[in-house]
Amino acid sequence: MAQYSAEFKQAKVLVLGDVMLDRYWFGATNRISPEAPVPVVRVQENEERAGGAANVAMNIASLNVSVQLMGLIGQDETGSALSLLLEKQKIDCNFVALETHPTITKLRILSRHQQLLRLDFEEDFNNVDCKDLLAKLESAVKNYGALILSDYGKGTLKDVQKMIQIARKANVPVLIDPKGTDFERYRGATLLTPNMSEFEAVVGKCNTEEEIIKKGLKLISDIELTALLVTRSEKGMTLLRPNQEPYHLPTVAKEVFDVTGAGDTVISVLATALADGRSFEESCYLANVAAGIVVGKLGTSTVSTVELENAIHARPETGFGIMSEAELKDAVAQAKARGEKIVMTNGCFDILHPGHISYLENARKLGDRLIVAVNSDDSVKRLKGESRPINNLENRMAVLAGLASVDWLVPFTEDTPQRLIGEILPDLLVKGGDYKPEEIAGSKEVWANGGDVKVLNFENGCSTTNVIEKIKLLKD
């Protein structure tokens with residue numbers, strides 16, 4: 001197999017479709033209401049996530065790719081909340097705000113990881129004049145390498161034929177995750193990505209691989225597509241194109257926690273790769289790998305370039321996890337959702353020695369994941385003196401990344417990791433040496449969050465300073 005990469009240097013993607021705000025209320029359920037036979041949920045946390053076409057844009061932004069999002073929202077609080085959420089991820093929002101309709105919002109109430117109720121706030125946009133949206137599309141589409149039309153059947157894409165023609169006139173490929181059984185409305189699109197049930201609802205039941213291929217190629221011909229990608233759940237996905245062999249990819253998911261938004265991930269990565277100049281085969285391969293990652297997460301989620309790169313090269317998360325703070329926060333949230341215990345430590349780790357190895361192995365045994373926060377070069381210099389560090393940050397983190405005991409690495413620039421620890425809030429904070437727990441940076445934040453703090457012993461005689469002194473003696 002070719003050496004594929006999750007780095008998309010040239011890609012720019014435009015997304016247009018049904019944007020939504022997903023709200024989650026989490027709480028404990030310990031009793032039944034005296035008013036009616038329903039559980040009482042004591043809400044303890046709440047969360048907001050981008051849904052629909054907005055989740056597609058979030059998926060693209062998580063790949064460090066330039067993305068613009070177009071759609072219809074209301075002139076309301078939820079529209080403002082959605083816009084703010086997206087802008088924080090550097091997504092260029094180009095919405096048409098309506099006085100007549102609310103922003104589509106879905107509120108889910110959960111307890112102990114079980115969804116108890118979903119409340120939908122919406123009115124379809126089928127009676128809305130979309131001329132302003134079409135004008136925005138015509139003005140912007142020529143600046144992008146791919147257009148995704150994200151259809152959730154809410155009416156934003158009622159003029160989908162006009163949208164396809166605008167993009168094709170600008171020589172921009174159009175990818176659509178279809179909705180409903182009227183695929184004729186998508187005539188002339190570059191590629192559709194129906195799941196198996198959506199595909200069979202249009203072409204009829206397929207009992208064999210041959211039937212899928214035959215009916216898929218006929219659909220391509222009937223509605224003038226360039227290609228068709230059928231996503232087939234546990235059977236992977238199949239790419240069909242006229243006069244070419246079918247390209248089948250088996251599923252790569254190891255464990256399925258939630259399929260919410262998996263289709264969004266597929267079309268996001270697929271469009272991003274095509275916009276970056278990749279082939280259909282490589283683009284589908286990357287999309288399939290990304291889908292395998294995202295179904296292992298809880299709720300509507302995205303895939304980072306680190307996760308995708310690791311999966312492409314069959315790297316386990318353990319031992320290869322150099323991350324930005326934002327990527328780490330996402331990884332920790334997903335791990336906690338799976339019930340994993342997060343352990344965190346920090347240090348300079350200038351010259352790695354047996355004491356470090358033993359310490360990190362012991363720390364890792366205390367939980368399911370170990371985070372190592374590493375002082376930046378300037379931070380080490382302030383703490384240790386002008387002659388340090390011996391090894392720069394990049395090299396120090398690369399060496400630590402090779403240890404099986406280390407799950408994730410993150411740099412910090414301050415003298416202490418107190419702020420970072422307060423953001424990550426591990427279940428257990430550990431530090432080596434003769435500290436008292438209350439003296440450890442970040443201990444107050446961890447305790448306040450219900451976590452614990454533990455001091456581990458270092459091996460006697462093992463220190464970076466001792467190593468440096470021995471080297472000096474050899475030199476003399």
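Counting starts with 1 at the first residue shown.
Glycine residues also receive a Cβ, built from the backbone N, Cα and C atoms like all the rest.
What Swiss-Prot annotates here:
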type: REGION; residues: 1-318; note: region 'Ribokinase'
type: BINDING; residues: Asn195, Met196, Ser197, Glu198; note: ATP binding site
type: ACT_SITE; residues: Asp264; note: active site
type: REGION; residues: 344-476; note: region 'Cytidylyltransferase'
Exercise for the section: List the same-chain residues at least 6 positions away in sequence whose Cβ sits under 8 Å from the Cβ of Glu198 (ATP binding site), in sequence order, or say none. Expected result: Pro178, Lys179
Fill in the blank from the handout: Cα-Cα, Met196 (ATP binding site) versus Asp264 (active site), nearest Å, comes out at 15
Problem - Within the predicted model, mean pLDDT of the region 'Cytidylyltransferase' (344-476) - result: 86
Exercise for the section: With a 10 Å radius around each C-beta, find which of these binding-site residues (Asn195, Ser197) has the fewest other C-beta atoms nearby. Expected result: Ser197
Exercise for the section: Helix, strand, coil: count each for the residues of the region 'Cytidylyltransferase' (344-476), based on DSSP. Expected result: 56 helix, 26 strand, 51 coil
Fill in the blank from the handout: Asp264 (active site) sits from Ser197 (ATP binding site) (Cα to Cα, rounded, in Å) at a distance of 16
Problem - 8 Å Cβ shell about Asn195, Met196, Ser197, Glu198 centroid, ATP site members excluded - result: Pro194, Phe199, Glu200, Ala201, Val230, Thr231, Arg232
Handout entry: Rounded distance in angstrom between the Cα atoms of Asn195 (ATP binding site) and Asp264 (active site)
Key = 12
